[in-house]
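Structure record follows, encoded as structure tokens.
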Amino acid sequence: MSSYLISNVSVVGAAPTDVLIRDGVVAAVGAGLDAPEATVVDGTGLVALPGLVDLHTHLREPGREDAETVESGSRAAALGGYTAVCAMANTSPVADTAGVVEQVWRLGREAGLVDVQPIGAVTVGLAGEHLAELGAMADSAARVRIFSDDGHCVADPRLMRRALEYVKAFDGIIAQHAEEPRLTEGAQMHEGEVSTRLGLTGWPAVAEEAIIARDVLLAEHVGSRLHVCHVSTAGSVEVLRQAKARGVRVTAEVTPHHLLLTDARAETYDPVYKVNPPLRTAADVAALRAALVEGVIDIVATDHAPHAVEDKECEWAYARPGMLGLETALSIALDVLGPQWDLIAERMSRTPARIAGLEGHGLDPAPGVPANLTLVDPAARRTIEPAELASRSRNTPYARMTLPGRIVATFLRGEPTVLDGKAVL
Ligand SMILES: NC(=O)N[C@@H](CC(=O)O)C(=O)O
Ligand SMILES: [Zn+2]
Ligand SMILES: [Zn+2]
């Protein structure tokens, strides 16, 4: 195995030092390290972070390999500074059996660019009627611990309760897409002033908040772990704050786009801004930012949702919801939070790794730790060109925007997946 000496780098914002990587682990951290055999990577002006971990990624394989594959999504992730991603179950076939989750897990290993941890479906075919084989997925080679019907809400409260109870046996977690389906029939965007003006059917904040309120009560009742996907409203933050104060075992994520964009984007009628849950108001954005800093929202997760051109470049009502996220998440976080490196490491690496139980991830570079890390140039600014993205899809809401920060290098167990800002494999 090769060795790398990252010289003069700031580890999570601290004073510059050297980091020596050897045999897949961090061998030493300190000023003036000497390692003649090592390849030198000049870290001057760069910040080293523990490799980012995404708890919510759609890789589309199996089934929609035209929109993304495990390999192309893994490359996008590495370029975004990620060393591990959790792959959502809404594929075709659905990842609701040990066979499918093992297939995704193996494809991730073969691509070798990030660790791909499959998420299993909660219900058979995401249909919300019968529990999937949660135990078999947990026991499989993929060792699934997170289960989600993401894209759909586990709306039946009895089924949700049983799922929460079932996964307790192996310290599993149910990640809920909180959307009361009866309140969002035909919904196209956030229900509010803009939807009224545009005449588009609204997706009210209460459709999210009502499910989160119900689920934290269910999780409390059975003592299980609940994770709330893509929290998007100020009201949801308040429900979560109260639940956490009572000691409910709940964690929550916010996406980069919900931290930056508002429902005013719908005025363009450009379906690139159509997403579930929808972009909300400026007041919601402010509440989400504050909750993320405070820790009421635990992590940033991308909800990277690639879609083929024909599914996105059509009339708003017919377009699929979802936007790309992996290659821009760190830049958005830097834009929103500023250079608060410890906070960024906490919300984008350490805590998601802990929630997902991903061993060897989310650890700051220190002697003996697996060398999963990323190097960020905080001074760089880059203009997002959709055609230049590694994702197979082009549905980024940040096209032609100039964003701060650039990923210079990413290391997975001591081997570079990205160097000089380019994918190595
Ligand atoms: N976020 C989205 O708008 N779409 C996601 C599903 C989801 O995360 O709910 C997708 O799979 O495309
Ligand atoms: Zn969702
Ligand atoms: Zn999703």
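Cβ atoms here come from the backbone N, Cα and C positions, even for glycine.
Summarising the annotation, TrEMBL assigns domain 'Dihydroorotase catalytic' to 47-234.
There are 28 other Cβ atoms within 10 Å of the Cβ belonging to His58 (Zn(2+) 1 binding site). Positions annotated as Zn(2+) 1 binding site by TrEMBL: His56, His58, Asp150, Asp303.
Long-range Cβ proximity for Arg60 (substrate binding site), meaning a same-chain Cβ under 8 A and a gap of 6 or more residues, is found for Ala67, Glu68, Thr69, Gly73, Thr91, Pro306. According to its DSSP assignment, Arg60 (substrate binding site) is coil. Marked as substrate binding site by TrEMBL: His58, Leu59, Arg60, Asn90, Asn276, His307, Pro321, Gly322.
Residues annotated as Zn(2+) 2 binding site in TrEMBL: Asp150, His177, His230. Following the DSSP three-state reduction, the secondary structure of Asp150 (Zn(2+) 1 binding site) is coil.
DSSP assigns Asp303 (Zn(2+) 1 binding site) to coil in the three-state reduction, placing it in neither a helix nor a strand. Residues annotated as active site in TrEMBL: Asp303.
Within 8 Å of the Cβ centroid of the Zn(2+) 1 site, not counting the listed residues His56, His58, Asp150, Asp303, the chain contributes Thr57, Met88, Gly151, Cys229, His230, Ala301, Thr302, His304, Ala305. When the binding-site residues Leu59, Asp150, Asp303, Pro321, Gly322 are checked against ligand 3, Asp150, Asp303 have a Cβ within less than 6 Å of one of its atoms. Long-range Cβ contacts of Pro321 (substrate binding site) within its own chain (separation 6+, distance under 8 Å): Lys274, Val275, Asn276, Pro278, Ala305. When the binding-site residues Asp150, Asp303 are compared by the number of other CB atoms within 10 angstroms of each CB, Asp150 has the fewest.
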